[in-house]
Amino acid sequence: MSGYIPSYLDKDELCVVCGDKATGYHYRCITCEGCKGFFRRTIQKNLHPTYSCKYEGKCVIDKVTRNQCQECRFKKCIFVGMATDLVLDDSKRLAKRKLIEENREKRRREELQKTIGHKPEPTDEEWELIKIVTEAHVATNAQGSHWKQKRKFLPEDIGQAPIVNAPEGGKVDLEAFSQFTKIITPAITRVVDFAKKLPMFCELPCEDQIILLKGCCMEIMSLRAAVRYDPESETLTLNGEMAVTRGQLKNGGLGVVSDAIFDLGMSLSSFNLDDTEVALLQAVLLMSSDRPGLVCVERIEKCQEGFLLAFEHYINYRKHHVAHFWPKLLMKVTDLRMIGACHASRFLHMKVECPTELFPPLFLEVFED
C-alpha cells in the first residue's frame, strides 16, 4: 500500500499480522492499514463473538488468506499484542480528532503570533542610546515636568487686536509678536544645546550641524509646545513659561501655523508621551538626511535609522494601549515637518510686516536662508 510511511519504520518492514507492507505503529503493533482497520472495526462493533473458523482455528494468516478467516485473523491480532483498550468508540474517536485539531490550530496560532506578534524591546546598546537622548532632552527642556506650576498666561488683551494686516489673510499683533520674540532666543538655544549633547551630532562636520539645526529648530520647538497643550485652558505653553491661546499665537505672527501646532497638541494629548518618547521624536527630527546641502547624507541617515529602531523598540517596551500606536506616532513626524515648511513660508511674511528691530539676531540667523 502506498502513502505516508513514518520515519521510525525500517525499509520494507512487514505487518506482524499478515506480512503485508507495514504502514505504522497501530494499537501497540507494527501493522498494515488493512489489519489496523480490521482490528478497529472488530472491537468498535463487537464483532469477534460472531467470528467462526471452518478449520478449527488453525488457519495460516498472510496477505492472501487474511480475508478468508476473520476468527483466526483476530486471534493473531491479539496474539501479536494488539491492544483492545486502545481502540476508541465513535464518540471518543471524534473527541480525540477534535482535540488533535484544536491542538494543531493552537500551535498554528502560536507560531503565527511568534512570527507577526513578536515585538522586540531595546537591546543594551539601544538602552544606552535612549539614555543619552533622554538626558539631553530633560537637561534642555525648560521647567521640565513643573511647567504647569511655572507658566504665566499671556494677558487676554494681548494678541486679540491685530493692527497689521499680513498677506493671505494673516494678522500680526505687534505687541504679541514682541512678547514671543523675548522667549524665542532661549527656546532656540535649548534646541541647539539638545543637539550638542548628542555625540553622533557633534561628530558631524560643522556645516552639516548648522543645516540640521536650521532645518529642525521650528519642528522641535513646535513639538515641545504641542506636548504642553492644556485642554482645560485651551493653551500651549511656549518655552515652558508663556501660556498662549490659539488666537494669540495666530495674531502674534504665526498665522495658520498656529492652527497646525494647536491641532498637533490636541492630538498628542491622547498619546501620553513620556520624556523619552518626546526626546526620541526630537532626535529623529534632528537627524533628517533629506535637508538640502548636507554632505554626510548616508551617515546622518544611518544615525536616524538607529534612533527609529531604538524608538520602535522603546514603544514596544512601553506597551501603549492605543491601537497602531507606532505608525500613528510616526505620522506626527510628518505633521511636524509640514509645520516647519509652513513656518518657513510664514517667516517671509513676518519679515515684510514686522519691524526688523523686533527680530532677535539668533531668530534671523536660524530662519533666514
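For all residues, glycine too, the Cβ spot is worked out from N, Cα and C.
The feature DNA-binding region is assigned by Swiss-Prot to 15-89, with sequence analysis given as support.
Here Swiss-Prot flags Cys15, Cys18, Cys32, Cys35 as Zn(2+) 1 binding site. The local packing around Cys35 (Zn(2+) 1 binding site), expressed as other Cβ atoms within 10 Å of its Cβ over all shown chains, amounts to 30.
The local packing around Cys59 (Zn(2+) 2 binding site), expressed as other Cβ atoms within 10 Å of its Cβ over all shown chains, amounts to 19. Look at Swiss-Prot and you will find Cys53, Cys59, Cys69, Cys72 tagged as Zn(2+) 2 binding site, backed by similarity to another entry.
Sequence annotations record features per position, and here Swiss-Prot assigns L-thyroxine binding site to Arg190, Asn239, His343. According to DSSP, Arg190 (L-thyroxine binding site) is assigned to a helical segment. Cβ neighbour count for Arg190 (L-thyroxine binding site): 20 (other Cβ atoms within 10 Å of its Cβ, all protein chains included).
Sequence annotations record features per position, and here Swiss-Prot assigns 3,3',5-triiodo-L-thyronine binding site to Arg190, Asn239.
Taken from Swiss-Prot, the feature 3,3',5-triiodo-L-thyronine 1 binding site covers His343, and the record attributes it to similarity to another entry. Classification of His343 (L-thyroxine binding site) by DSSP places it within a helix. Take the CB of His343 (L-thyroxine binding site) and look out to 10 A: across all protein chains shown you find 22 other CB atoms.
If you average pLDDT over the domain 'NR LBD' (125-369) in this model, you get 88. For 125-369, the entry in Swiss-Prot reads domain 'NR LBD', with the evidence type sequence analysis.
The annotation region 'Modulating' is assigned in Swiss-Prot to 1-14 on the grounds of sequence analysis.
The zinc finger annotation in Swiss-Prot covers 15-35 (among others).
What Swiss-Prot lists as zinc finger is 53-77 (among others).
Comparing the binding-site residues Cys15, Cys32, Cys53, Cys69 on other C-beta atoms within 10 angstroms of each C-beta gives the minimum for Cys53. The Zn(2+) 1 site is set by Cys15, Cys18, Cys32, Cys35; from the centre of their CB atoms, other residues of the chain with a CB within 8 Å are Leu14, Val16, Val17, Gly19, Asp20, Ala22, Thr31, Glu33, Gly34, Lys36, Lys63, Arg66. Taking the centre of the Cβ atoms of Cys53, Cys59, Cys69, Cys72 as the Zn(2+) 2 site, the nearby residues of that chain (Cβ within 8 Å, site residues left out) are Lys54, Tyr55, Gly57, Lys58, Ile61, Gln68, Gln70, Glu71, Arg73, Lys75. Cα separation, His343 (L-thyroxine binding site) to Cys35 (Zn(2+) 1 binding site), rounded: 84 Å.
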